[in-house]
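Data first, discussion second: the structure below is written as structure tokens.
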Amino acid sequence: MVSKALLRLVSAVNRRRMKLLLGIALLAYVASVWGNFVNMRSIQENGELKIESKIEEMVEPLREKIRDLEKSFTQKYPPVKFLSEKDRKRILITGGAGFVGSHLTDKLMMDGHEVTVVDNFFTGRKRNVEHWIGHENFELINHDVVEPLYIEVDQIYHLASPASPPNYMYNPIKTLKTNTIGTLNMLGLAKRVGARLLLASTSEVYGDPEVHPQSEDYWGHVNPIGPRACYDEGKRVAETMCYAYMKQEGVEVRVARIFNTFGPRMHMNDGRVVSNFILQALQGEPLTVYGSGSQTRAFQYVSDLVNGLVALMNSNVSSPVNLGNPEEHTILEFAQLIKNLVGSGSEIQFLSEAQDDPQKRKPDIKKAKLMLGWEPVVPLEEGLNKAIHYFRKELEYQANNQYIPKPKPARIKKGRTRHS
């Protein structure tokens with residue numbers, strides 16, 4: 001009886017022990033699983049952190065490139081002033097891809113206007129204005145002004161015309177057509193849309209002047225059949241057309257008689273004295289002076305001219321206005337100055353005097369000062385240094401086998417091209 005009771009007691013104890021052992025084993029198993037889970041989770045988290053870190057390292061350069069792209073998009077165009085609809089004008093510039101025209105384009109675009117450039121690229125270059133292509137205020141049209149143009153504008157700056165001797169002597173008939181038929185078409189456009197037109201005339205209307213300095217009331221001394229007559233007489237006729245349209249049709253006109261101008265974007269081989277001397281000095285070639293070099297010229301920097309054109313367009317002055325720098329230099333002095341600024345060892349070579357080369361050229365700008373509040377402000381040496389820097393870059397551009405359009409040489413049977 002007692003033995004049976006003991007057996008039952010031992011059996012009960014064993015069952016409890018087994019349950020306890022099983023419980024302990026189960027707890028140990030759960031603890032082990034939980035430990036493994038925690039450990040695996042830690043490894044996973046560390047792995048994820050490493051992966052995230054690796055991805056971050058790979059993505060950061062992409063983010064940097066995106067930031068650079070965004071920055072380049074916001075800085076794609078030069079800063080443009082915001083103008084209200086009332087103040088913003090629709091402006092047409094013929095010859096706007098040329099030397100002066102492209103600088104005028106920059107000025108009017110940065111002032112906040114809508115600018116349409118028309119050019120046949122005879123002497124103009126697309127890369128002079130390519131930094132504006134795509135801007136909502138800018139349009140570039142490949143068009144020759146000898147053909148009519150139909151467009152809605154408020155102002156017309158009529159600059160289209162070959163302006164350097166090799167260009168207009170190469171094609172004198174085209175030069176005459178541009179200055180006559182082209183001007184007629186632009187005046188017709190101005191009449192149709194009620195626009196104001198500014199004609200870019202020239203100091204060449206004074207010819208080889210017998211009056212010095214030249215004021216706007218001087219009629220000039222021009223050879224009507226000389227090698228440069230296609231340009232000189234073309235501009236004189238263009239002025240006559242402007243005032244005929246003003247008197248008969250009521251067209252608002254402005255006439256700027258532009259004197260020698262220089263600066264970046266001049267053609268390297270356009271035959272003008274500034275470009276000739278700079279190019280020759282940079283290449284170590286002799287600086288060619290026609291005659292004794294005692295002829296005088298007055299040179300203005302292109303930004304001064306552009307400011308004068310804008311001031312004249314927006315003024316009430318309808319009679320011709322001289323725009324030039326009255327600071328006069330002989331051609332020989334000018335050659336020596338450029339030699340010194342370039343640091344060139346070039347010699348100065350004297351050639352026989354050119355046909356119809358004006359002996360003196362200096363503007364009287366009293367009218368511009370009084371009626372426009374305008375006069376040149378850029379010192380000659382400062383402007384020349386900028387032009388020299390530009391020509392250095394152009395020569396590098398050419399040396400890298402990049403194509404630079406060059407004007408074709410003038411076909412002249414008698415005489416030579418003269419200092420311009």
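For all residues, glycine too, the Cβ spot is worked out from N, Cα and C.
Per Swiss-Prot, topological domain 'Cytoplasmic' is recorded for 1-19.
Positions annotated as transmembrane segment by Swiss-Prot: 20-40.
As annotated by Swiss-Prot, UDP-alpha-D-glucuronate binding site applies to Leu149, Tyr150, Lys177, Asn185, Gly188, Lys191, Arg192, Tyr245, Gln248, Glu249, with the evidence given as experimental evidence. Long-range Cβ contacts of Gln248 (UDP-alpha-D-glucuronate binding site) within its own chain (separation 6+, distance under 8 Å) are none.
Residues annotated as active site, proton acceptor in Swiss-Prot, with experimental evidence given as evidence: Tyr231. A simple way to gauge crowding: the CB of Tyr231 (active site, proton acceptor) has 26 other CB atoms within 10 angstroms, across all the protein chains here.
Taken from Swiss-Prot, the feature N-linked glycosylation site covers Asn316, and the record attributes it to sequence analysis. For Asn316 (N-linked glycosylation site), no same-chain residue lying six or more positions away in sequence has a CB closer than 8 A to its CB. In the three-state DSSP assignment, the secondary structure recorded for Asn316 (N-linked glycosylation site) is coil.
Sequence-distant contacts of Lys177 (UDP-alpha-D-glucuronate binding site), defined as residues of its own chain at least six apart whose C-beta falls under 8 angstroms from its C-beta, comprise Val146. Counting only the Cα atoms, the space from Leu149 (UDP-alpha-D-glucuronate binding site) to Tyr231 (active site, proton acceptor) is about 23 angstrom.
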